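Worksheet for the structure shown next.
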Amino acid sequence: MHRWSMVWQRADLVQASVPAVLHGDAHNIGTSTSVMPKALCIFWFNLKGITVDGCLTQMFFLHAVSVMHSAVLVTMAFDRYIAICNPLRYATILTNARIAKLGLVGLIRAVVFVLPAPLLLSRQPFCANRIIPHTHCDHIAVAKMSCGDITVNRTYCLVILFVIMGLDLTLIALSYGLIIKAVLRISHKEAHQKALNTCTGHICVMLTSYTPLLFSSLTYEFGQGIAPHVHIILANLYFLIPPMLNPIIYGVKTKELRDKVVKYICRM
């Protein structure tokens with residue numbers, strides 16, 4: 001029982017790992033960098049054209065960054081598990097080098113799984129009407145412009161969605177299952193609250209990331225009767241909500257940053 005009481009005594013061990021948070025920030029920057037320049041050109045200068053190669057390149061980076069972000073969320077779930085279940089070894093288990101290796105594995109996985117999608121589309125014949133009803137090159141939206149059979153493309157996209165999301169969500173659920181099991185062994189109510197509070201930021205980030213992604217992907221695959229503007233809004237929300245809310249979530253949950261913001265406001 002003494003082991004679990006150490007969780008709430010060692011407050012320095014329940015903060016999210018800095019490299020893991022930086023990986024999440026890289027996703028926010030990568031997503032915004034891939035979408036915003038072209039979207040601003042459309043709205044500000046009415047420059048709506050894009051080459052096929054440029055479109056496929058943007059598609060690759062968008063989906064690769066999304067898959068990479070899912071891997072980051074798994075890493076952060078593991079980070080929370082170590083912080084709560086094995087706090088005394090946190091610094092030795094989750095070293096910066098080890099987290100960097102996990103990030104590299106996530107990057108390789110993203111490239112391997114996402115690269116076939118634009119390669120398959122590049123071999124498709126496209127019709128005369130090459131208008132994408134989006135501010136970015138979404139995979140299914142581009143595939144629907146093809147005059148050929150896109151069954152393979154749709155199937156591959158759906159399989160990758162369920163394989164990656166299914167695996168990552170399973171690992172996250174396993175981590176939180178072990179966390180809940182460990183928390184229930186703690187006798188101190190204050191320790192209960194502190195242990196669960198350290199997970200709220202990660203849970204909020206998961207909700208802001210997975211919810212719009214799942215709604216956007218599934219409505220494209222199965223929502224044939226849904227109006228086109230709904231598809232567009234859902235797709236744009238996925239690229240808007242996480243980069244906008246994630247820094248706020250981490251800012252509120254990080255004590256050092258919160259204290260600095262309070263001090264800055266008090267000086268005004």
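Even glycines carry a Cβ here, placed using N, Cα and C.
These come from TrEMBL:
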- 55-250: domain 'G-protein coupled receptors family 1 profile' (DOMAIN)
- 60-78: transmembrane segment (TRANSMEM)
- 99-121: transmembrane segment (TRANSMEM)
- 158-184: transmembrane segment (TRANSMEM)
- 196-218: transmembrane segment (TRANSMEM)
- 230-250: transmembrane segment (TRANSMEM)
Long-range CB partners for the transmembrane segment (196-218) (under 8 A, at least six residues beyond its ends), listed in sequence order, are 14-16, 24, 66, 69-70, 73, 76-77, 80, 83-84, 157, 161, 165, 169, 172, 176, 179, 183, 231, 234-235, 237-238, 241-242, 245-246, 249-250, 252-253
Short question: which residues 6 or more past the ends of the transmembrane segment (99-121) have a Cβ under 8 Å from it?
17, 19-20, 23, 56-57, 59-60, 63-65, 67-68, 71-72, 75, 139, 142-143, 146, 152-153, 156-157, 160, 163-164
Under an 8 Å Cβ to Cβ limit, what residues of the same chain, 6 or more beyond the ends of the transmembrane segment (60-78), are close to it?
16-17, 20-21, 23-24, 26-27, 30-31, 34-35, 94, 99, 102-103, 105-107, 109-111, 113-115, 117-118, 136-139, 164-165, 168, 171-172, 175-176, 202, 205-206, 209-210, 213, 239, 242
